[in-house]
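Undergrad: Let me give you the structure first, and then I'll get to my questions.
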């Protein structure tokens, strides 16, 4: 119960930090998973599972501001249950998908409450009562927008840990193997969605390069990531210089037209 409370409070604090600073980075799966893993005493599992869930949801974009799943609650509950229950990362990843869909049902309730108190804030703004308006904004941020999801996280971690441990202990080995395989496939699906979103003519070349580096040269994730950063820097530097050259040519062309 105490661990569940700590996990929920960690999630709440990260949401408040994001709301205050506006970075929208503290609640990303790879960051949130690492923080929850650190709090639970298993940073490695938090980083691995957070990165896997980041890969799953990275290529998913909300249409009209509507997210298909709540990846924040998903990563917090998945990391918490994985560490507390002792299940594998792949099995925790399958839990994340379910929790993500469940967590998304909280958003309409939050929006309903927020919209119900908006007339009060609008009235204070029209009256020029900025102190009360500021109070309403802070109250809304601290006690309405960012409270229901941590409560859901607390309930899942408090009452789900023992249930998950019991469930996975009675499930046949072949079913667990299937869940692990499905968890690994979810990462691939997420990466495919991301690749589809950023696809260009050069994308297959980079995919082939990554395949060669892993399959034939046996490189691990870290050196491949460093190579990717170097390639990205070279490409950015090249595009920046080309843009500067285009601007100079455009300015010189305008000058010639002026004197003509």
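Just so you know, glycine gets a Cβ as well, placed from its N, Cα and C.
Bear in mind that TrEMBL entries carry predicted annotations, made automatically and left uncurated.
Got these off TrEMBL a minute ago, pasting:
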- 69-87: transmembrane segment (TRANSMEM)
- 93-114: transmembrane segment (TRANSMEM)
- 135-161: transmembrane segment (TRANSMEM)
- 173-193: transmembrane segment (TRANSMEM)
- 205-236: transmembrane segment (TRANSMEM)
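Provide an account of the burial state, proximal residues and distances for the features listed.
TA: Using a Cβ-Cβ cut-off under 8 Å and counting only residues 6 or more beyond its ends in the same chain, the transmembrane segment (69-87) has close neighbours at 3-4, 7, 10-11, 15, 27, 29, 32-33, 36-37, 40-42, 45-46, 49-50, 53-54, 56-57, 60, 93, 95-97, 99-104, 106-107, 149, 152-153, 156-157, 160-161, 164-165, 168.
Here the transmembrane segment (205-236) has Cβ contacts under 8 Å with residues 195 of the same chain, all six or more residues outside its ends.
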Undergrad: Six or more residues out from either end of the transmembrane segment (135-161), which same-chain residues have a Cβ under 8 Å from its Cβ atoms?
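TA: Contacts with the transmembrane segment (135-161): 1, 3-5, 7-9, 11-12, 15-16, 19-20, 70, 72-73, 76-77, 80-81, 84-85, 99, 102-103, 106, 109-110, 113-114, 117, 120-121, 124.
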